[in-house]
Amino acid sequence: MLSQLPRAAIRLLPRRQPNLHCYRYHSKPTSLTAQAGRVHRVLSAKADSNLTYDDLATCLGVTNTYAAQLLLGQAKLTPETAKKLRAALPAVSDDDLEDMQNSFPMRSYDDEILKEPHVYRTYEAITHYGEAMKAIINEQCGDGIMSAIDFYCDVGTSIGKHGEKRVVITFNGKFLPFIEQKAEDNGAMSPRD
């Protein structure tokens, strides 16, 4: 069955969890092969529509990155957004729209993605500037982290001082402070009791 999928769709199958054949939790069971097939069909509908991710973001009322995540099976489609996606990409089948709403997304990634030059350079930039960004976040917000759950990401471009096109990536994540773990505040029963 994998041999029938396009190479790009096969790359979407996560390799970090080789024994994971499907995932279920109050949702329709979805095999990873089925998800890869759905992603291929949805991306084909996008290509046929000639819409960009920016166009889709405007139609759906989401960021361009989130629009891409929806199509790549990395975010769950809500019923409200499904109606907008149906209007924007009428070639997406009812079955695929239903599956995008009823299946939980695979938010993992194939380790091979880090070999893709753009992805690797973004990873390199985060690791290169990571310690400095952490120091500034701690200085401005305190001891904690930026959430990647309550998080928005948007990608755009600007023009540099020499007229060159420049990439602008905005990360907008909720600050989550670390807490002092006081026993009296812990509502869970201690495993030591």
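Note that Cβ sites are derived from N, Cα and C of the backbone, with glycine treated the same way.
Here Swiss-Prot flags R121, E124, S147 as active site.
If you take the C-beta of S147 (active site) and look for same-chain residues 6 or more apart in sequence within under 8 angstroms, you find G173, K174, F175, L176. Counting only same-chain residues six or more apart in sequence, none has a Cβ lying under 8 angstroms from the Cβ of E124 (active site).
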